[in-house]
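Beneath this line is the structure, given in structure tokens, with notes to follow.
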């Protein structure tokens, strides 16, 4: 082995050693639509639960059937794994009384952590009657929930400006939110600048970075285009020519995610939220390499 490659290996080992034992993880899942997808979900939950995440969250659909599945999955996770399970709850398609009923049901079933979101506006709809900050207030009135909210390092697509978006986050925190979880991003500097702006605005809760391990670049680009997330040119180049090579795409995506975690860890970030897309393989491998392992 050449001196160059040996030094590269030593640098990588040192970098990973700095992270091991220093980070916490959480995972997001979504309600499956078919029995086959449900089996994949539970296989993923079972595998990732062995990593002892701080919590797992389950997204909340825009229709009653999907909302019911969220409730069922959350309760199943709690009963099956004992993990802290945090349902997403949106206020765009429910009345305050309905939201209170849902919140009380969660509380009575031992669910203490909720991810409070406004939700996506239906096409052609006007100004919403409730915002996420209103939902946080409502939840705190029902019970002393532990509440996570969303944050957008690269600005929410509907925000009038970056400052307006930041003030919206502050309203959610002032209403009682305990932490913010960011939209996924690929430019680490965008997160660090956003964190600095949060501090300057008096937002004193933890800003947990959302990490999306990319195995399908075209799908990730579609997500990014919808959510105002910039894909750096270097990242697009890394996936160039891999449309028909799924295994190499996974390796590339895992390395990008690991590099992001290592850099952010050096900047003092301790908690990371992984968007799993209901697949355990990449998130598990990334966590394993970073030292988050069963029994540790």
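One is the number of the first residue shown, and numbering goes on along the chain from there.
Keep in mind that glycine also has a Cβ here, set from the backbone N, Cα and C atoms.
These numbers come from a predicted model, not from an experiment.
DSSP classifies residue 28 (active site, proton donor/acceptor) as strand under the three-state reduction. For 28, the entry in Swiss-Prot reads active site, proton donor/acceptor, with the evidence type a curator's inference.
Annotation for residue 183 (NADH binding site): same-chain Cβ neighbours under 8 Å, separated by at least 6 residues, are 150, 151, 152, 153, 154, 156, 210, 227, 229. Residues or ranges marked as NADH binding site in Swiss-Prot: 59, 183.
The FAD binding site annotation in Swiss-Prot covers 60, 62, 88, 118, 119, 120, 132, 152, 156, 159, 165, 168, 171, 172.
Taken from Swiss-Prot, the feature (6S)-5-methyl-5,6,7,8-tetrahydrofolate binding site covers 120, 183, 219, 279, and the record attributes it to experimental evidence.
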Tell me, how many other CB atoms lie within 10 A of the CB of residue 156 (FAD binding site), whichever protein chain they belong to?
18
Spatial neighbour of residue 219 ((6S)-5-methyl-5,6,7,8-tetrahydrofolate binding site) that is closest, considering only the recorded positions 28, 88, 119, 165, 171 and their CA atoms:
28
Under 8 Å by Cβ from residue 132 (FAD binding site), same chain, sequence gap 6 or more:
91, 116, 117, 118, 149, 150, 168, 172
Cβ packing number for residue 28 (active site, proton donor/acceptor), 10 Å threshold:
23
Listed (6S)-5-methyl-5,6,7,8-tetrahydrofolate-binding residues 120, 183, 219, 279 - what's their greatest C-alpha to C-alpha distance in Å?
24
Cα-to-Cα gap, residue 120 ((6S)-5-methyl-5,6,7,8-tetrahydrofolate binding site) vs residue 171 (FAD binding site), nearest whole Å:
19
